[in-house]
């Protein structure tokens, strides 16, 4: 057997034993352009046992066959280490993959480089999952066991603390940069809708988001009838109504975070808070949680049982980590909630109804779901036992892989020694790659030590101190987007105080004249025009405008509040009296001054009250009569002025009578509405009594 150095056209080189024109014996080979290095034993051009080093510093130590990793070996890839069997270049059949930084690992069976079959996942906080896997995801039956609540990892990213590498990892073993858990991401992690803890899916805080998303049952009083003012009230006396708005099993995170299902999301108002079950803040630090049942695509879906050591338990159907379907929830105080769930919200319960047949059907479906959940839990326990046996077998293969790695390192050392003897100037890049990797790890570790405690804990997935655990779900949960605009809407009122704006936000007489209200009325332009023309008006007209700005009578406030239900703004039923125009010298001036006042009042009047408007134009047409005779004596002028004054007084009385008639019409219109409401209510009560009588 001869040996020496051989340079290839692609930039690679080989230095070692040679026979029959192929590499044979021991030797060292570099890849194209000198990238990558293999050192070990050869068999007529194919690797047998040795060490392959990538430019990133990742290594494989083990056996090869036909140019692919095959047999036993150890792969070091970033912070992850795989020890076990290899089949034609892929991980499997049995092996262990673990993280050198967090301690998370998977032990079980593999297929095509992904977890497939049975295995055990151990998470960074110590929680475990034992069961079935398919294509790298939990799929089938399995058991998820958490650690005590005080020790559980606070998951601040949608990816799981242990398995983020299995489905969102680069080839060099680093977490994807778009992941919030990536240590290379700049700035603090974005707050998630909830602060979940590993393995805890049960929650006793109200879930406003799911309650708003779940449609409620419709009825006669919910279809917009009776002006939309009557709604079906929800009972607060039964267990179902008190607990239906409570989110027991909330998890709105991605599939990668399903093992760390979220607890309560946004909280709820104080309504019924004192009557609800114990809050999440009261959970004991030693409480644990277990889920046994079906998994689909890495999520709790199908039938399953989830229970806590404190006594909280749910048996029934699941969908995407949410209670969805029929099931039964048992609270720590012994109360039971049975019925149909939709997105964690109870939409149908088994309490006594008028239609007993319907409630019996719901109860039968609940019993069927509970039986299915119990069967699924029993199957999951059996699958967990099988996974435990596969785990022990994978551990044995991992120990054998360690021995194979030692043999591969020995072959690599022999090949390096031979290469130095044959060609002392031959460059061996493998040691340089490993040195770079060690320096990079040292730098990353030093940076992680210099990071603030809160950021380091969020990025590395380390558990938070137990003292913060009970209040994390309440204090660190961000407010909903709809609750923050209050600061933006309140400042305009103290900045522009108007005497015509009431505390209730209704328009007062000052606003009827065109003044802008605190809510941003559109009558800003007419009010400015009126203010510019006010100096040119006579004293009598200014006095009339000041009279309109007086505070309204207490008896007319209910009218404004009543018509606010029909319109998006407050409306006064009685139109404001226009200023007198008798003293105007010319009819053209009076017409031009009366025009700007109409746009300010038109948007604020009810549509039914436009009838009396033509009466306002009559004074402008009749005013020129006392002005035409200019050459007559003063006595005749006095007579005409007296006649004009009497006519003006009569017109004022006519306008007042028209306004009173309009008010009477509005009152008459109000009475049929109340009568109609009362009649419909009495009719419904009578029909209900008749229906119950027929059933009994």
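In case you wondered, yes, glycine gets a Cβ from its N, Cα and C as well.
Values in this document were obtained by computation on a predicted structure and should not be read as measured data.
Matching 104-133, 134-163, 164-193 against Swiss-Prot, the residues noted as region 'Disordered' span 164-193. Between the listed ranges 336-350, 351-365, 366-380, Swiss-Prot ties the annotation motif 'Bipartite nuclear localization signal' to 351-365. For the residues 469, 508, the entry in Swiss-Prot flags phosphoserine at a single position: 469. Swiss-Prot assigns the feature motif 'Nuclear localization signal' to residues 495-499, out of the candidate ranges 485-489, 490-494, 495-499.
Range annotated as region 'Disordered' by Swiss-Prot, chosen from 250-282, 283-315, 382-414, 415-447: 250-282.
On the 0 to 100 pLDDT scale, the repeat 'MORN 4' (82-104) averages 93 in this prediction.
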